[in-house]
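Written below as structure tokens is the structure these notes are about.
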Amino acid sequence: MEKVKAKKQYGQNFLKDSSILNKIIESMPHNNNHIVEIGPGLGDLTKNLVKYKDVTAYEVDTDLIGILKSKFAINLDKGNLKIIHADVLDAWDEQKTLYNGNYDLIANLPYYIATNIILKAFEDSFCEHIIVMVQKEVALKFTANVNDKEYSSLGIITELLSNDSKILFDVPPEAFDPIPKVVSSILYIKKDLSKNIDKDFNRFLKACFIQPRKKLSKNLSTILDKNQILELFKELEIDENLRPHEVCSSLYSQMYTKVKNGRNKRI
């Protein structure tokens, strides 16, 4: 492996365990979709992906671009790999999608932007599957169910926008160079492309979970007045003593619809 020092500002931890790489490849959906990889690093996952499908890889680190282009010169010439030097979040903002066609996102994500990337992937109508390495704590939040201690807005969004979500397996710190201080997990999400939510719903959920251990009614007071909350809870038969993690995703969706169609909301 090239002697390249991982950069903290990019959250780099290079996956070096070949058995983990093979398990990621085995988890790939059997379809004809393109593959988008974010943060290919030294290309260890990339070299496995290009054996099976066409790949577009986004890399922000200038120093790694030259290494990747040299290592994958044959694939670049063949046209089954495209390397894009860009900040992926900027690319999403500019293009609204990372690939103009159906694709699956498969990547070892930098911990510090993993949540934002997954939320962006939910918004991208061309992205069908999300198979990403993230901090285990993050994976638990995206797969949590009502009443779980990890249940948050992330689990609600996942449940409303996907047909399937699960943690495939955990990855120990020793599988990386440098060794991180946390356990990682492979998160799998199969999106339901027939569904979408607007950004106001995200803001509504953030308000609901602003203080996760407080009563939901208390949190809602940041966007609704007392009478609106009482009316909302009465109409939907919601217990006033419930806390945010005790309310199912479908009820949050109903609440949001009522609030959105009402007056004087502050979201």
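Yeah, the Cβs are placed from backbone N, Cα and C, and that goes for glycine too.
Within GLU59, GLU137, GLU150, GLU159, the residue that TrEMBL lists together with ASN13, LEU15, GLY39, ASP87, ASN108 for binding S-adenosyl-L-methionine is GLU59. The Cβ neighbour count for ASN108 (S-adenosyl-L-methionine binding site), using a 10 Å radius over every protein chain in view, is 26. In sequence order, VAL60 are the residues near ASP87 (S-adenosyl-L-methionine binding site), counting only same-chain partners six or more apart with C-beta under 8 A.
Secondary structure at ASN13 (S-adenosyl-L-methionine binding site), as computed by DSSP, is coil.
Averaged across the domain 'Ribosomal RNA adenine methylase transferase N-terminal' (20-193), the predicted model reaches a pLDDT of 97.
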